[in-house]
Amino acid sequence: MVELALYLCLFMCLILTCYAQTCAKYAFSSNRVFKSCTDLPVLNSFLHYNYDVSGKLEIAYRHTGITSSRWIAWAINPTSKAMVGSQALVAYQLSDGSMRAYTSPITQYQTQLQEGELSFDVSDLSATYSNNEIIIFATLGFPNNDTTLNQVWQEGAMSGNTPQMHATSGPNVQSMGTLNLLSGQAGTIGGRTSTQRKQNIHGVLNAVSWGILMPLGAIIARYLKVFKSADPAWFYLHASCQFSAYVVGVAGWSTGLKLGSESPGIQYDAHRTSGIILFCLGTLQVFALLVRPKPDHKYRVYWNIYHHLVGYTVVILIVINIFKGLDILEPEKKWKNAYIGVVIALACSGVVLEAHTWFLVLRRKRSESAGKMSHGINGAHGNGVNAHTANC
């Protein structure tokens with residue numbers, strides 16, 4: 001048993017060692033040697049390099065787990081911590097099986113990666129594709145001898161021999177950072193962290209307001225008002241819940257607009273359009289309370305139809321749009337599962353309360369019908385007695 005345990009431990013150590021391999025363990029088939037390397041945080045990417053204090057930088061950018069129908073790029077932005085302004089090295093496999101590697105200055109969002117000269121010297125540019133891995137080799141020259149660089153790396157699909165726009169969510173908008181050539185330390189861009197923080201705030205505000213409080217307010221209005229003892233408390237609970245949801249939701253909606261204005265090249269048209277529609281309908285619902293007719297007014301029935309129709313439409317659109325937002329943010333799976341749990345809980349509560357509501361309404365109608373019938377019989381008997389007395 002002891003020997004078996006030792007063998008198992010050795011086996012597990014070997015497995016962990018294999019999985020723990022990083023760029024430092026990689027050996028190039030061309031026998032090239034790079035003194036420094038860094039594991040980039042997203043997109044299965046690694047950067048190997050040799051840096052000379054004279055300003056010469058020899059690099060090998062590796063992107064693993066990729067098919068031949070995709071392009072890759074690694075870039076340096078000499079002027080800012082952003083995609084626009086980046087000086088990119090691009091590579092992909094042509095339809096005839098050969099590799100193409102070239103330089104492309106990024107001057108705008110949604111670029112087509114047109115070939116062009118960079119703001120610094122590039123030589124010995126080449127690329128290889130093997131075992132689902134593309135590698136770009138190049139030598140760069142920096143006249144100002146910068147030792148901390150703003151780097152961007154990316155990948156996207158191909159259409160024939162033409163690179164297409166990369167994805168605009170998840171790892172593809174997180175693939176930028178800084179690189180210290182002397183220490184080899186890679187960091188994230190502070191602006192990206194700030195954007196992620198705003199995205200998280202936007203998501204939380206909207207999930208809590210539109211996604212939880214608003215449906216909860218609809219449930220209160222739908223099911224509490226059947227209890228005579230809950231009148232008018234149900235109305236004030238409903239109005240308070242919906243107004244709170246609207247105020248918090250407007251804050252979340254405004255954060256979304258701000259994010260959109262700060263990211264002109266990244267558009268989520270369906271999510272944005274749905275958000276604007278929800279804001280307009282929500283605003284309409286809030287102001288509709290100001291013109292609500294009295295219960296006995298002849299137009300109250302039409303107001304009820306409008307209010308219920310718009311309210312249920314808002315709830316349905318809310319759930320759809322929140323899931324669209326979750327797909328954009330790509331948070332940890334537990335957060336999406338948590339909201340799915342909330343939706344299921346609200347839906348199950350609605351089903352149970354709907355059944356109970358119909359039970360109460362039908363029982364109340366039977367009671368009222370029985371009371372009327374009893375009153376009618378008693379009245380008929382009374383009339384019969386009176387008539388007989390009169391005849392007498």
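Residue numbers in this text run from 1 along the chain shown.
Cβ from N, Cα, C; glycine included.
TrEMBL: automatically predicted annotations, no manual curation.
Keep in mind it's a predicted model, so treat the numbers as computed, not measured.
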Report task. Could you tell me which of the ranges 83-101, 273-291 is annotated in TrEMBL as transmembrane segment? Result -> 273-291
Query raised in the report: What are the DSSP helix, strand and coil residue counts for the domain 'DOMON' (43-156)?
Result: 0 helix, 66 strand, 48 coil
Report summary line: Long-range CB partners for the transmembrane segment (338-362) (under 8 A, at least six residues beyond its ends), listed in sequence order, are 207, 211-212, 215-216, 219, 222-223, 226-227, 319, 322-323, 326
Query raised in the report: For HIS202 (heme b binding site), which residues of its chain lie six or more apart in sequence with Cβ-Cβ distance below 8 Å?
Result: GLY252, THR255, GLY256, LEU259, GLY325
Report task. State, in Å as a whole number, the widest CA to CA span among the heme b-binding residues HIS202, HIS238, HIS271, HIS307 given in the record. Result -> 27
